[in-house]
Every structure is written in structure tokens, then in C-alpha cells.
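To start, the structure under review is shown below, and the notes come after it.
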Amino acid sequence: MEGKKKYITAEELKKHNKPGDLWISIQGKVYNVSDWAKEHPGGEIPLLNLAGQDVTDAFIAYHPGTAWKYLDKLFTGYYVQDFQVSDVSKDYRRLVTEFSKTGMFETKGHVAFCSLASVAVMFAIVLYGVLRCDSVWAHLGAAMVLGMLWIQSTYVGHDSGHYQVMSSRGYNRLAQIITGNCLTGISIAWWKWTHNAHHIACNSLDYDPDLQHIPFFAVSSRFFNSLTSCFYGRKLNFDPLARFLISYQHLTFYPVMCVARVNLYLQTLLLLFSNRKVPDRAFNIMGILVFWTWFPLLLSYLPNWPERF
């Protein structure tokens, strides 16, 4: 039976790394995901980032055990001839096994409950500070608490987006929408879209959107050569504007970060109203509408525009 298997080399596999021609290998078996890429719940970007490579570790990390049964219909009939598990992968799999045995991946509902309770308490303090107090210092204090609320809420959204922190998938999805869309105005769908790409190709200048901040910032001198972003599908031009802004990024970092949240709102709207396949698009839009209802309404109760600003 062994002699009847068809093999391709890892070098041949690497050639299938373009839209419409996406092959990957999982545990040495080669799969054609060219058509599946558009239906992939995690989006097309992770598959494009990993095309032509062995993706065993990423597949295990991002998919439940039930996902294995869907692979057979994508199998090409080929095996990777020179397939070997790297030392890094061996260490990673050993670590995952040890963590699983100690129960570190088990859902601990009380942790999520305490986090959500703290968010609720802070939200109540913000409402009291704005609606029941006349002092400008009370309003500034409420603003600080709101900032901490957004940070804590983001952590809950982050953790529930990575894995299941609630007692069921439905509650987990609800926690994501509430802590992400409703409370912060930043879509959990947008966050998953970018954050999955970040973890799939962590710290890759070409693939990781968390490193691509041209024209405002450059995290590597390689951006001076106008890299092409595989995530955004466009060239990040190091033009005169970028050259000027990056020359002073050590001074502009904190001022830019003070208003960078506006960009996240914009990115949220661009994704939710794009032609891309967005999981739970309707729920995400509803959550954003909730945020843009309570937040402007709360600001309207402040006595003047300087305080609102």
C-alpha cells in the first residue's frame, strides 16, 4: 500500500501559494483549499498567509476536533515526500499537551464573571458621575473610569475571541458582542479578522497587519523600501509624507495614539459594510448601533463642549 502513495516535495508544495491555487499540508497530507478559501470561517487571509506550507500546528490551535472530518473532501491524493516535524513544533506540541493535562485550557466561568462584573460596576460609576454630579472633576473622573472600562472590556473581548470563556458558544459570542461592539464601538468581527492574521504570521512585516502603520510609524527599516502588505493587498508606499512623519515618530507616537481609536472605528465600519464575508454581520452592526446610541447620549448630558471634548 505504501508504494501506491503519490508524493510531492516541500518545494513543489510552496509553488501553490497564490489565490486560486492554494495548497497546504497537515501532518504530511496535501490539501487543495483554493475554492474553500472563500468559505473559510476564519477568512481567506490566514490561508493565503500559510499557503504552500505545513499548517498542522495552526490547524490544531484554531480548530475544534470536529474540523478534521471536513478535510477528506479537500485531499489532493498527495503526501509531502520529505515531511518532517521541526524541533520547534515538537516543543510546541509537548507544551500544549502539558497545559491540557493541567487543565489550563478548561473554561473557568468565574473569571469571566468577575471581569464582566467589574465592567458593569465601572459603567455604573460612569453613569453616576455624568448624570448625578455637577463637578467638572467628577466628570473627568468618570472619563478616566470609562477609559479603564474600555481596557477591561477589551480584555474580555480578546479572551472570548481567542477561546471559549463562557459556559457555551452562544454566551461566548454574546460576551464578544457586548464587550466589543456595544461597549467599545469596535467590532469583534474586525478584531478577529486582523488578530487571526497577526497570530498566523506573528511579527511578519509582509503579513502581520499589527506592524503595518505606514505613513505614521515604521517598526523596521525594511518599510523604507515600500513593502507590499499581503493582508491589505496593497503597497505601503514610503512616500515624502511617510518619510516626514516617520522622521518624527519618536515625538508623535503618543499624540497619534491619543486619537488612534478613531481609526479603529473607521476600520470597523469599512469591514462591516464591505463585500467581504463577515461572520455575524447583523449582530455586529446592531452592537455598533448600541454603542453609537449610548455614548453620544451620555456625552449630551455634559454641560458644555469643552467637557465633552
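A Cβ is built for glycine as well, from the same backbone N, Cα and C atoms used for every other residue.
Features of the protein shown, as given by TrEMBL:
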type	residues	note
DOMAIN	5-84	domain 'Cytochrome b5 heme-binding'
TRANSMEM	111-131	transmembrane segment
TRANSMEM	137-158	transmembrane segment
TRANSMEM	253-273	transmembrane segment
TRANSMEM	285-303	transmembrane segment
Among 137-158, 253-273, 285-303, stretch most in contact with the transmembrane segment (111-131) (C-beta, under 8 angstroms): 137-158
Long-range neighbours of the transmembrane segment (253-273), counting only residues six or more past its ends (CB under 8 A): 185-187, 189-190, 193, 216-217, 281, 284-285, 288
Confidence summary for the domain 'Cytochrome b5 heme-binding' (5-84), mean pLDDT rounded: 88
Counts of helix, strand and coil residues, the domain 'Cytochrome b5 heme-binding' (5-84), according to DSSP: 30 helix, 22 strand, 28 coil
